[in-house]
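Step one of this worksheet: look at the structure below.
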Amino acid sequence: MSFDLVLFGGTGDLAWRKLMPALFQAFRHGSLPANGRIIGVARDDLSDDQYRELIQSRFKAVEGAKRPTEEEFKAFASMLHYLRLDLSKPADYKRLADLLNTRNADSIIMYVATAPALFTQTVEQIAVAGLNGPKTRVVLEKPLGHDLASNRAINEAVGKVLKENQVFRIDHYLGKPSVQNLFAMRFGNALFEPIWRREHIANIQITIAEDLGVEKRGAFYDQTGALRDMVQNHALQLVCAIAMEPPINAHADAIRDEKLKVLRSLKRWTPDSLGLHSVRGQYTAGTAYGERVQGYKEEPGVDPESRTETFVALRTEIENWRWAGVPIYIRTGKRLASRDARIEINFRPAPHAIFRSPAGVANKLVINLQPKDGLELHLLAQAQDQRVSTKAGVRAGMLPLAPVQLDLDFDKRFGTERVGAYERLLLDVIEGRLNLFVRSDEQEAAWHWVEPLIDSWGMDGGPRPYAAGTWGPSASSAMIARDGFAWGEEQ
Ligand code: BG6
């Protein structure tokens, strides 16, 4: 199978930070079809060789084992090509068409990793140059728009020149091995399904915490904020993966139909819930990795008066038969206490206590997304040292229980050289698998749900401050405490 992969934004941040390393890993793992061309496209004036040198120099920053040897890079580099292209010039797309027509590849992939404002124009010009034939697949990076209207405008423009099954809207969280395993756990095993519902689950918590600040993306982030950057896409896709009904098969539309139903069942916001069930914060100076770090407003590219949120905590519910009344808490932020992404499914306590259990402890399933990748099942077991309990005057048959856990570490079990999110998703595009990509109606439903938050936040007093290196504003803990629960690490 042959493919031509055109990387719009070929010298940009995403290309060298994520896409090139992922393509190289696929090449190293032998899964990248050999007869492929990767064509970087950007405005800089570079030859093929200069582009290869640029990519090679950037690979030096890649962590140890993932860095190519000279020999490996040489072999990989033979796939790399470069074309200077000004996105606003139709004649330049014609030159791209000429390059692609020098052979008849089985699939042509246009990866649009440019500024979002350029998506529509780029896709339209691809069509004008006659490059939207049935062999073409277009990959669109997030953010796709900044609200529902702009998202619809992009989807409509794209829909005029491409069929829905040619459009691959990427959400790299769906490519993470841990998220694959969430699908496998739910739909490849029968064990959890009977208890995966309101009768047995007390609450669900999704945490996507980052310890990094906004790094070099201050200007972009200041226009975006955590709600648009992480909640509208990654966090809501995780909600879908947890809450969707079992699809009738593994085909893309069967999966996406079920995810769409979840997004449409998310509890609508009311003036009360907007106040009570949403918290936003912005980091101030504090610590990270034991060192003093500056606050968000001091970051390069950020408006010193900025009201952009770097932290969001929300409470919602899914209004359907399976989930009615089960609170779902979502929280994400930058410069939090640690890099930690996980989903906690908190089960209801045993209905009748014959043991003395530690207060408030019940069964819990933790799906670790990163930095660990695995599953933990928290159970209660008989404490080892029974003398302690006897001394405390506990009668026989009523010894206290202690928390224990079954710990499944996927990195240990399957090795750390597992297929990363971008590698997996790029291979899916090359092979035409849409399962892990987001359909336009899903994306619109997600925007529809977050939009009242965006509107109400425009009118309130701004985000609450939190010191870098903490778990966000205390209002986030207060929000969940009102339901009688606590965030996982605070119990
Ligand atoms: C991106 C966001 O989509 O996801 C970034 O734009 C964020 O702000 C990143 O840092 C997090 O991805 P990961 O895979 O490191 O959790």
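Counting starts with 1 at the first residue shown.
The backbone N, Cα and C atoms fix where each Cβ goes, and this holds for glycine too.
As written in TrEMBL, here are the features:
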DOMAIN    6-181  domain 'Glucose-6-phosphate dehydrogenase NAD-binding'
BINDING   ARG43, ASP86, LEU87, LYS142  NADP(+) binding site
BINDING   HIS172, LYS176, GLU210, ASP229, LYS334  substrate binding site
DOMAIN    184-487  domain 'Glucose-6-phosphate dehydrogenase C-terminal'
ACT_SITE  HIS234  active site, proton acceptor
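Shown here: features listed in TrEMBL, placed on the structure.
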residue	record	contacts (Cβ under 8 Å, 6+ apart)
ARG43	NADP(+) binding site	ARG84, LEU85, ASP86, LEU87
LYS142	NADP(+) binding site	ARG169, ILE170, ASP171, ASN233
HIS172	substrate binding site	LYS18, HIS234, ALA421, TYR422, LEU425
LYS176	substrate binding site	LEU369, GLN370, ASP373, ALA421
GLU210	substrate binding site	THR332, GLY333, LYS334, ARG335, LEU336, ARG339
ASP229	substrate binding site	PRO143, TYR221
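Close contacts with ligand 1, defined as a Cβ under 6 Å from any of its atoms, occur at ASP229 among the binding-site residues ARG43, LEU87, ASP229.
DSSP classifies ASP229 (substrate binding site) as helix under the three-state reduction. According to DSSP, HIS172 (substrate binding site) sits within a helical segment. The candidate set comprises the recorded positions ASP86, LEU87, HIS234, LYS334. Of these, LYS334 has the most other Cβ atoms within 10 Å. Of all residue pairs in HIS172, LYS176, GLU210, ASP229, LYS334, the annotated binders of substrate, the farthest apart have Cα atoms separated by 20 Å. With ARG43, ASP86, LEU87, LYS142 listed as the residues that bind NADP(+), the site has a largest C-alpha separation of 21 Å.
DSSP classifies HIS234 (active site, proton acceptor) as helix under the three-state reduction. For the domain 'Glucose-6-phosphate dehydrogenase NAD-binding' (6-181), the model gives a mean pLDDT of 94.
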